[in-house]
Structures are given as structure tokens and as C-alpha cells.
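To start, the structure under review is shown below, and the notes come after it.
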Ligand code: CTP
Ligand code: MG
């Protein structure tokens, strides 16, 4: 468990020295998904091996500008969502909250609005159900509000011919579709005007732009994106699955990572290297057991998956990792990658140092590490011809590379 393990509510804090964000994003994910009919509430239903909410969060955290993010979920799922949001936000993100929603979408948005920090000037409201919305749409609506101070809503042309009908389903007229736009989210608004519009709203509106306009404010449309369609029915879910499959060409699923670690020799320590105990060899100093091979692999895997690095994920303050052997880090790292939908393709490590003589135990080390990661791990060793700190016998360095891929179910 990482030191920033989620509690029931992921609290926001101002990053030390950082500037509080002026953009806030409310992701509404508290609906039940009646029309989808999945076993779980819609945002928690699986889409290509992950939840709909996790896909949505990828887009939110892909925004150019650092934003406060408030995720509104069913009250029973606040803890579960908090862990997803923490993972999606990454180590760098200090401004996330997860709160319970209300009986209607409008109430859920209102509960999210109440969580925004005072620094927020522009608010985006986004349906988690629009899971494949590109981050560029988020950036574009922020720019729109900053330039115009009106509400900015993404919309696309209507391609079907639209008929107005009466109670008996008789056609009354054909509506000129050139005048129509199908609107999407994220919808963005100046914060003060949206707060005021919510405070005076007397009835339920179908979107935030309607509520905002009902209070006398201006709303403009910018180009939306076909991928921002709302997953409402099982058919929509299949369409989203298909789009994710199509964009995942075999090589696009592969990601590479690199990790380096160095520990100084410490004659009072036992040597642990590549997950193995080396009785009689000079030990290494450092947090945990000082095994540079396992630590370099951990960094390579985390970097390949974009999940941070060993220091930010397994803080040195966490007593769980005090004196822990390398396998503990590797197992905890693999768990994180698996939860994020990644599998490990292979890992390659090189040890740079004068001692111990590695080759007699290479097979043993590779077998152990491959077994832990359930993927081929190769370990080689070299010296530096007497040059540098490894050459002077001051310590051992390990450099690891990893290739991982995201699984689509
Ligand atoms: N939403 C919400 N709180 C509610 C209702 C809806 O946060 N009380 C959110 C949903 O989670 C969704 C978005 O608003 O991301 C759009 O709503 P919709 O697509 O209608 O989702 P559901 O209400 O979950 O689906 P359904 O209407 O089929 O039950
Ligand atoms: Mg609904």
C-alpha cells in the first residue's frame, strides 16, 4: 500500500509552493445506469478491461492545465473510486476529491460544486459516461471560457432528420437540422455565474448549459468530438469497446520504461542482489535491503506504465518497506500495473560493479525474478575497467528496462 493510500475521501491540499488551480473539473459518475443494465452502476461497469470511470479520468488528467478534480459517485462506492482517482491522478496531482452524489444528475453536480476550492474560476462539468472524450475537448472549453466569459459547450451537427411529433406519434413537422446541435460534455462556465445559476435553479434541467442559460447567461457552442458520445445503452458500450480495440494496433499497446539504482557498499550489511541473499559478500547500504536490481526493475516498470517512481509510490516513510527485500517491491509494483490494466512483456537488467561475481547465480536470479513478475527477466553483469565508482569498488549500479502492454479485454 502506498503512503498516499486513499481514505474514504481523497482530500485536496495545496501543493507546497504550487499555485492553486483556477480550473475545476466535476466528473459526475453517481448515476445507476438503468439503461445500460450492467451488474454495477454505470461508471463502474467494465469497458475494455477497466471501468468506464477510469477511462474518463484518463481524459481529465490528460488536460494541459493542472485542475482541481471532483469526482461524484454513488455513496457506497466513494472508497473504491478514491483509489481509482488516486491512481489516475498520479503522484503529481494534489487536487482531487471524491464525494457522494445525489438523486439526480443536477443534484450530483451541485454536490460537486460545493467541493471546489476558492481558487477555482472556471468550472467544467463532465459526464463520466462520455468515457472516450479526448483531453483536447477539455482544453478547448477552458480556452473558450477564458476568452469569452460565457458558457462553452461542445456540440456536433445532427445527422438524422428530426421530426416533431404529437401525442399519437403523428408527424407535426420536420425540424431544420441545420439549426440543431447535439451537445456533449465537458461543459465549461465561469464559476461565479454557474454557482449563482445553481443557487436559483427551480427545476431540473437536462444539462448544465440549460440551467446556466435559464439564469440569463450566454452559452456558445464549439466543435465537439464524435468520441465524446455518451455510453447509455449496451450498444453504446459495444461501440466504445470496438473503438478502443481499433485504436490499439499491436505495437501501440507496447510501452517502455527505464530505471537506475545505485547503492554504496556497506561492510556491516548482508548483500541482497537480484532478489538473492549472497552470504560472505560485501553488503550494500540503503533503504530496505539495498538491492539495486529490484529497485531499478521497480522504477522501470512504474515508468513504463506511467505510474510514477519508486520514491513517490513506496515512500521511504512507509514502515512496510523498512528492511523489505526486493520481491516485496516487485510484487507490490506488479499489483499496481495489473490494476491499471498492464501486463509485463519482459524486463532486462544490467548490473555494473566489481563484486560479487554474478554469472554463477545468473540462472537462479533470472528464475526467481521471472517467477515473481510472471514475465521473462534477464540479468547481465559487467565491470567498468576500473573506472568510476563501480570501478573503484565503492558500490553497485543497476540499470533496468521494461516493456509492458495494456490489455484490452
Ligand atoms: N449522474 C450522476 N448522478 C445522478 C444521475 C446521473 O452523477 N443522480 C451522472 C451519471 O453517472 C452519468 C451522467 O450523470 O455519468 C449522465 O447521466 P446518464 O447517462 O443518464 O447516466 P445514468 O443516470 O447513470 O443512466 P440511466 O439514466 O440509464 O440510469
Ligand atoms: Mg440518467
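Positions of Cβ are set from backbone N, Cα and C atoms, glycine also.
Small disclaimer: the values here were computed from a predicted structure and weren't measured.
In the three-state DSSP scheme, residue 261 (divalent metal cation binding site) is classed as strand. If you look up TrEMBL, you'll see 261, 263, 295 marked as divalent metal cation binding site.
Other Cβ atoms within 10 Å of the Cβ of residue 261 (divalent metal cation binding site) number 23 in total over all chains. Residues or ranges marked as 4-CDP-2-C-methyl-D-erythritol 2-phosphate binding site in TrEMBL: 261, 262, 263, 287, 288, 309, 310, 311, 382, 383, 384, 385, 389, 392.
Annotation source TrEMBL lists domain '2-C-methyl-D-erythritol 2,4-cyclodiphosphate synthase' at 255-404. Taking H, G and I as helix, E and B as strand and the rest as coil, DSSP gives the domain '2-C-methyl-D-erythritol 2,4-cyclodiphosphate synthase' (255-404) the counts 54 helix, 45 strand, 51 coil.
Sequence annotations record features per position, and here TrEMBL assigns region '2-C-methyl-D-erythritol 4-phosphate cytidylyltransferase' to 1-254.
Look at residue 35 (site 'Transition state stabilizer'): DSSP puts it in coil. If you look up TrEMBL, you'll see 35 (among others) marked as site 'Transition state stabilizer'.
Within 10 Å of the C-beta atom of residue 42 (site 'Transition state stabilizer') sit 27 other C-beta atoms, taking all shown protein chains into account. Residue 42 (site 'Transition state stabilizer') falls within a helical segment according to DSSP. According to TrEMBL, the site 'Transition state stabilizer' annotation covers 42 (among others).
Per TrEMBL, the feature site 'Positions MEP for the nucleophilic attack' maps to 177 (among others). Counting only same-chain residues at least 6 apart in sequence, those with a Cβ under 8 Å from the Cβ of residue 177 (site 'Positions MEP for the nucleophilic attack') are 157, 158, 159, 160, 161, 162.
Annotation source TrEMBL lists site 'Positions MEP for the nucleophilic attack' at 230 (among others). In this structure, residue 230 (site 'Positions MEP for the nucleophilic attack') belongs to neither helix nor strand by DSSP; it is coil. There are 16 other Cβ atoms within 10 Å of the Cβ belonging to residue 230 (site 'Positions MEP for the nucleophilic attack').
Within 10 Å of the Cβ of residue 287 (site 'Transition state stabilizer') there are 18 other Cβ atoms, across all protein chains. The feature site 'Transition state stabilizer' is assigned by TrEMBL to 287 (among others).
The annotation site 'Transition state stabilizer' is assigned in TrEMBL to 383 (among others). For residue 383 (site 'Transition state stabilizer'), the same-chain residues that are 6 or more apart in sequence and have a Cβ closer than 8 Å to its Cβ are 352, 353, 354, 390, 391.
Scoring each of the binding-site residues (288, 382, 384) by how many neighbouring Cβ atoms lie within 10 Å, the top position goes to 288.
When the recorded positions 35, 263, 295 are scored by other C-beta atoms within 10 Å, 295 scores highest. Summary of the divalent metal cation site environment: with the site residues 261, 263, 295 set aside, the chain residues having Cβ atoms within 8 Å of the Cβ mean position are 262, 284, 286, 290, 291, 292, 293, 294, 296, 398. For the recorded positions 35, 42, 230, 310, a Cα-Cα cutoff of 10 angstroms around residue 295 (divalent metal cation binding site) retains 310.
Listed recorded positions: 35, 42, 288, 295, 384. Those with a CB atom under 6 Å from ligand 1: 35, 42.
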